[in-house]
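See below for the structure under consideration.
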Amino acid sequence: MVVFTCGACGESLKKAQVEKHVLKCRACQVLSCIDCSKDFWGDDYKNHNKCISEDQKYGGKDFQAKANKGDVKQQQWIQRIQQAMEQPDIDPSVWKVLQMVSTHDNVPRKRAKFENWMKNCLKIYTPCLLEKVWEICSTTADSNSNHQTANERKNDGAETKENKRDERKNKKSKRKTSEEQNGEKTDEKQRRKKRKREEKEQNGQNADEKSSKKQKKRKREAFDESLNPEGEEPENQESESNSTGKFNWKGTIKAVLRDAPEDGLAVKKLRKKVLAAYHSFTGDSNFRSEEELLSLFNRKINNNPKFKILKDRVRLLK
C-alpha cells in the first residue's frame, strides 16, 4: 500500500485520502512517497500505484525481490482500469468512477466482490452504474488477455517443437527403465505366488490335522456319554465280547489287586495287567482304540469306591 506525506503539513496519507486532504490543506502542492522518497506534483501521485518494500529499501545492492503473483495480477488490473479511462466516448459518470477506482491499490478482480467493494468504499449503489463500470473494466481486461495469449501462442509454438524432442528422448529412457523394472516385478510376483501356494498347502495340512483331532475328540465324548455314572457300560450297548460274554473290568481289577502287596500296585502295572487280560479275552473282536481303553480304565478305578488311589498306587479296600 502506497503512503504519502503532505509537503505542507507533513501528515501521512493513504492514496485514497489525498483528494480530501487537498481540499482541507490549501498549501499542499507536492506529495512525497514514504518508501521511495520521490516527490509527486499535482495529480502525478495517481500513477504511483506500487512502491518498493522494506526488504528492497534496506536489502542492499545485491537484493533480488521475489515476484508475488498476487501483486503482479493486481498491478495489471489497475493498469487495465487506467486504460479503460482512455477509451473514447466514455460516459462521464463512468469515467469519474474509474478515476476514483484507480486511486486504490486493493481493487477486487471478481464481479461480486468488485461491486460490493464499490458500495462499501466508494458509496456507489446505482445498479446501472455498477454494471457499466464492471463491463468496461472486464472488456478491457479480456482484450488485453487475448493479446497476451496470442503472443504466448507464438512463443509456445517454438517451444513445443523442442519439448516434443525432449519428450521422445524421455519416453525412450522410460521404456528402458520400465522394461528392467517389469522384469524385476515379474520375478517378485512369481515368488509371491509360490509363497501363497506353500501357505495354502500348509493351511490345508493344518486343517486336515485339526479335523482329525476334532473327530477323535467327538468319539471320546460319545464314548464318555455312553457310560453310566459308575463308569460301567449299559448292557444293551455293544461291548467287547466273545462267545462266552462281556469282559468284566471290575472283577479283573479286583483279582489283580488281591494278588498285589498290602501297599497296593502301581497304576502303570495295574493298567498293563488289566489291558493284557482284556486283549486276551477279546482277541480279534476288539473294536476300541488305545485312547478309549485308557479312558475307560481310568474311569473304572476312579469311580469305584473300593479302589483307593494314593499318589501313583492303587489299593483294594476291604
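The backbone N, Cα and C atoms fix where each Cβ goes, and this holds for glycine too.
What you see is a predicted model, and the numbers here were worked out from it, not measured in a lab.
Residues or ranges marked as domain 'Zinc finger C2H2 LYAR-type' in TrEMBL: 31-58.
As annotated by TrEMBL, region 'Disordered' applies to 142-248.
Residues or ranges marked as compositional bias 'Basic and acidic residues' in TrEMBL: 150-169 (among others).
Taken from TrEMBL, the feature compositional bias 'Basic and acidic residues' covers 176-190 (among others).
The compositional bias 'Basic and acidic residues' annotation in TrEMBL covers 198-212 (among others).
For the domain 'Cell growth-regulating nucleolar protein-like winged helix' (245-317), the number of residues in each DSSP class (helix H, G, I; strand E, B; coil) is 43 helix, 11 strand, 19 coil. What TrEMBL records for 245-317 is domain 'Cell growth-regulating nucleolar protein-like winged helix'.
DSSP labels the residues of the compositional bias 'Basic and acidic residues' (176-190) in these numbers: 15 helix, 0 strand, 0 coil.
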